[in-house]
């Protein structure tokens, strides 16, 4: 029929059977024309419908659009001309075949359709439809055949169809032009992400990303350079999309849970009764065991939460992407198996010289096309998977954050802040990892099955032998990996221990320096590190065996398979086709076999994470139904029979409360500790579980919690809390909350940066900022939970008058004030007295006094006590009062540059000179004058004052990692090791080349011998040598890995040692300006990179590099012409690599820089939940979190695209290698045999994956070597003076203890002013000297100078005739003793805390403990001196810690004792004990006491009064009391008239 239609032959296979093969014209004009047209017509309706549905407005017409439309219009005209010509011809003689009418008519309609589709695409974001691009490609490909047929016809001189041919050529050219136009993207807005507008060709090659790669190559990328994500994949959109699915699935899961519970009900009650009866009859210690069991049971019950809903919800949210990626992976996997088949055909072509040359070319082109399609599918699949991964991670992170804002307190109690942050960081990341591999679960199985099938076709049943080998190796690998996992767990424990000690060392570094204890702690760390490295070495040795097996597998399998194949049947001869096809298949098989265990492991880890996330996200929300908000209510707050509890199984914390508060009232809530004051406020905020009753509230609430919550940011940000700035009100609030004097001292005033958790503020300042935040918000009802507890009395008074009281800023608001301060009570409207959760009394101050109830009784006892204690408690330092002494917060508390947090540590000045007996008038006037300081102004935003930035910003390296860093690491490994490793890897490559050549020679045997004449000896030799070469490969790799294990362990050891030694020798100023976290990070993540990741990346890189080299060498040996092709491809490869690495490296850095703010913001949110909820700022925090996640997401997205961009280009290089080698095989087939062809091509096919991997490894190494760079940065920190010098003092020095200061000057850091400005004085032997002075006078600096924590800026200190600057630090510090202000203990035994070097006997230790009054306590401990002290001495009271420090001092028996007075921690009795012990035991020593209370130094021989770094008075207390100088003033303030009046 088609023959009639064309009027010529449709198909004739004899046409193909010639060297000049061609297809019949009829076939070309029918089938090959209709394929593209059919495709277009089938998909057009669907496309148009899609456009119609999208309903976006039309965009403006671009030149590109016009050009496409014009050319399609020209095609339309050409079709019309052709039709016209045919019609005019028809009137002539011969009948024109039907095909000549139908084709132009079809084309006419088709081009109209194309015009319509292109026009309709103007409404889409992506103007170029993938479907039209594919149509053009198809049309051009199918047209090629007709094109060459027509040219051949014309060349033969047959010009009967000349006009038709010309028309065809012109339209063919136009189609190519339109395709070129469609390759360009129409990007309307250049700032936007071009991803969405990229054309089809641009998006499959990722060339829309070129501009960023170029930018990244020219200069390091910044956040601004990275494109924003599309709205559709931003956090907000993803969250709203997945929330509906989550809610639905969670409902289903909850219903299923109820059904499960109902099934399990009947057995319940009986069992419960039984267990109760049992526990009652058991003694105490058994009860503890029961508790443990209960806990386990409880976790069992906790498992009883809604299950497996999260995965379903995620599936429904993203099933579209999953389906697309599934299809792409399927196509890729199937195409993967076409390559070995094509290889087989090429080998047979090379062996059979009768085949026509064109078949070879067709095979080569097919090979290239298959590889190309495979690459495109694979890259697009990866892109989808990684995008899915990011989207899943984003969804989880946003959901966890949102859930945290609504989670009920009961559910929240199960998680620490760290654990909650982990859900967001670790678990979300695990899920992201698993989505990247999820398809490998089915794809691995599919690949294994297909490989086995194809191998069976090649080699028959003998394949089973090879597969048997693989299966046998699986359990071996399993055993090794479980062993490795155990080692990993063990090592994690060692790592934790080491980091804990590091944390303690860095936290207590001051004490280590004072006592010269660094060597002892260094040893401890070294011991742990030794254990860790031992395990690491074992781990790496096992790893080497695993790699050995991995390498041996393909070799073993091929040897076994080929041997069995040859030996089973003498008729089987191994020829090139079989051997090389099988080897290619074995290589394909190797990947899924090695991946499957990893994928399963990842999936299991992710399933654990899913369970944890399900438990968290499925937790109960806050139930605030008992809190009713009513704007038209008469009262401000009304409690109606309200009972609330913190947890359902605990008793109520608030019981049957009835309370009415009228608008504008100031109500004080009184009560003992634990009577329920804070609970009352929490109940109003809806933070508690309702038992019965309800609370009605009119208006909005503000909340000031007892423990102030401060965000990391400026003071201004904290007070504004997201509101707009109203300058006048802002200044009012600052003044009322007594913040102006603090701002005077703070560098940068209100723009001073506050560290995490308000680390660089005193408690009082935090509390006042927290109050200022609430006052500034201007809401209706204020809940104030004891805001005056942390501030000093007169500051409290100021705040009460200016803010809370009847004339304060809040006078018209309703205020609920929980307080312990009794002196404000006369000014409040109503007092509510709580006891045990119920209201005991309420009424006004006078009414309650008249009633003579609980309140009156308490007041009376308080007044009685206060009277008698007036003289006694001269600052017994209740921990609460953070004495902001006269607000002029010490200069040392917030020095010119807030960095000297140290100074704050030394002088936690919670104890100024006196507390309760301050002479009123003088202090208050100075207070008032200090409060009238001018308002905060002067600083423009963005200006930095010296020291305003507390913490130096962490240094982000940019650009290339310097070569010196690589050298440093290689040197640390050791050159012997390195040369051996390289040698072993090269041996592996040589053996690899050898085994390939040998196989090639073996397969050529099949030409010389046939099955019957094949000699057995030859056969055995072939099998034997092939096996040996394979074994050598595996052994070489094993040796290299083993050697690398030793080398890298050695390097880890060296680097850690250098780092630790240097950090311990760093001066104190380094620790002040560097956050501990940053130093610990070097010891944690960076060292672990050097331990684990870096050596692996280096090994992989070397292996890949040599593998590629050897493949290229083999191809060149077989076909020397290949060198010509290698050069341009090599240049292309290297240039792509250089561009990529620059961009990728910077994107990785940006990723980690943008990631940490998300977690720290989350941690902050969780700790300040009650405040955020009270102010109803949840939406603002959600937005902030979403913005943070989006910033991070765009960096990750960009990084993923950069990987794809690279992979597509590299795969192209690899595919070109395959294509060119295939072409060379065809061109030179006369000189080559089939086995060489097989041997070259089977290696070329493997090169693409290896090339890809090499670049990935290069960038991995670049990323990981940064760890060495960061470690080196800290190895280079400058040290303090040497510990021991050549000039050693005499062994009994100092024998007298005589100290001379000679015009001594000192400053904390080079850029700051002098702290001590020229001190000169003599302290005689065994003299007792007290040092006094106001805050910031330089008292603590004096002790630091004696110990050379600070080095002199001028002058000198001489002890017993030796200038202390001339000897080593340890020689000096070991001879002095200090009892520091803050008692610092380390985790370890009591013995270690007293005597870390084991210099003393047990008797001496007990004696010291007895003198320190600790003997009864220690003797009462089960382990005595071996009693373990927990971190920072957490299991001892502060008083006991202080006494332990005294014990330390007693053991040292040195001639000079410095006593930095510690008062806050110790009650009066203990204090008395310490004083008497010191007087008795240290009578033969020179004692310098830094006093915070005058009583303790009234009996000293001399008193030194310091003021702003100078000595203003020096003499005996008696003399100084005679003259009315500064000392006299102080004594008078403290109520001391003469020396004798110092009664305790």
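Cβ atoms are placed via backbone N, Cα and C, with glycine included.
Summarising the annotation, TrEMBL assigns domain 'ABC transmembrane type-1' to 325-605 (among others).
Here TrEMBL flags 637-861 (among others) as domain 'ABC transporter'.
Per TrEMBL, domain 'ABC transmembrane type-1' is recorded for 980-1263 (among others).
The feature domain 'ABC transporter' is assigned by TrEMBL to 1299-1533 (among others).
Residues or ranges marked as region 'Disordered' by TrEMBL: 258-279 (among others).
According to TrEMBL, the region 'Disordered' annotation covers 912-933 (among others).
What TrEMBL lists as transmembrane segment is 64-86 (among others).
When Cβ-Cβ distances below 8 Å are used as the criterion, the transmembrane segment (98-117) is approached by residues 4-7, 26, 29-30, 33, 37, 40-41, 44, 47-48, 69, 72-73, 75-76, 79-80, 82-83, 86, 129, 132, 135, 164 of the same chain, each at least six residues removed from its ends. The annotation transmembrane segment is assigned in TrEMBL to 98-117 (among others).
According to TrEMBL, the feature transmembrane segment maps to 129-150 (among others). A Cβ distance under 8 Å defines the sequence-distant neighbours of the transmembrane segment (129-150), meaning residues of its chain 6+ beyond its ends; these are 22-23, 25, 28-29, 32-33, 35-36, 39-40, 43, 47, 114, 117-118, 121, 161, 165, 168-169, 172, 175-176, 178-179, 182-183, 199-201.
Here TrEMBL flags 162-184 (among others) as transmembrane segment.
The transmembrane segment feature in TrEMBL is assigned to 313-338 (among others). Tertiary proximity for the transmembrane segment (313-338) is limited to same-chain residues at least six positions away from its ends with a CB under 8 Å from its CB atoms, namely 238, 241-242, 245-246, 248-250, 370, 373-374, 377-378, 380-381, 384-385, 387-388, 391-392, 395, 438-439, 443, 446-447, 450-451, 454, 585, 588.
Annotation source TrEMBL lists transmembrane segment at 358-382 (among others).
What TrEMBL lists as transmembrane segment is 437-457 (among others).
According to TrEMBL, the feature transmembrane segment maps to 537-567 (among others). Within its own chain, the transmembrane segment (537-567) has Cβ neighbours under 8 Å at 455, 459-460, 462-463, 465-467, 469-470, 473, 476-477, 480-481, 483-484, 487-488, 491, 573-574, 579, 582-583, 586-587, 589-590, 593-594, 995, 1019, 1023, 1026-1027, 1030-1031, 1033-1035, 1037-1038, 1041-1042, 1044-1046, 1048-1049, 1095, counting only residues six or more beyond its boundaries.
Long-range Cβ contacts of the transmembrane segment (587-608) within its own chain (Cβ-Cβ under 8 Å, at least 6 residues beyond either end) map to 336-337, 340, 430-431, 433-434, 437-438, 440-441, 443-445, 447-448, 451-452, 455, 470, 474, 477-478, 481, 550, 553-554, 1242, 1245-1246, 1249. The feature transmembrane segment is assigned by TrEMBL to 587-608 (among others).
Among the features that TrEMBL reports, transmembrane segment is placed at 975-999 (among others). Long-range contacts of the transmembrane segment (975-999) within the same chain: residues 555, 579-580, 583, 1022, 1025-1026, 1029-1030, 1032-1033, 1036-1037, 1039-1040, 1043-1044, 1046-1047, 1050, 1099, 1102-1103, 1106-1107, 1109-1110, 1113-1114, 1235, 1239, 1243, each at least 6 residues beyond the stretch ends and with a Cβ under 8 Å from a Cβ of the stretch.
Listed by sequence, the residues of this chain that lie at least six past the ends of the transmembrane segment (64-86) yet keep a Cβ under 8 A from its Cβ atoms are 96, 100-101, 103-105, 107-108, 111-112, 114-115, 118-119, 122, 127, 163-164, 167, 170-171, 174-175, 177-178, 181-182, 184, 186. In the predicted structure, the domain 'ABC transporter' (1299-1533) carries a mean pLDDT of 82.
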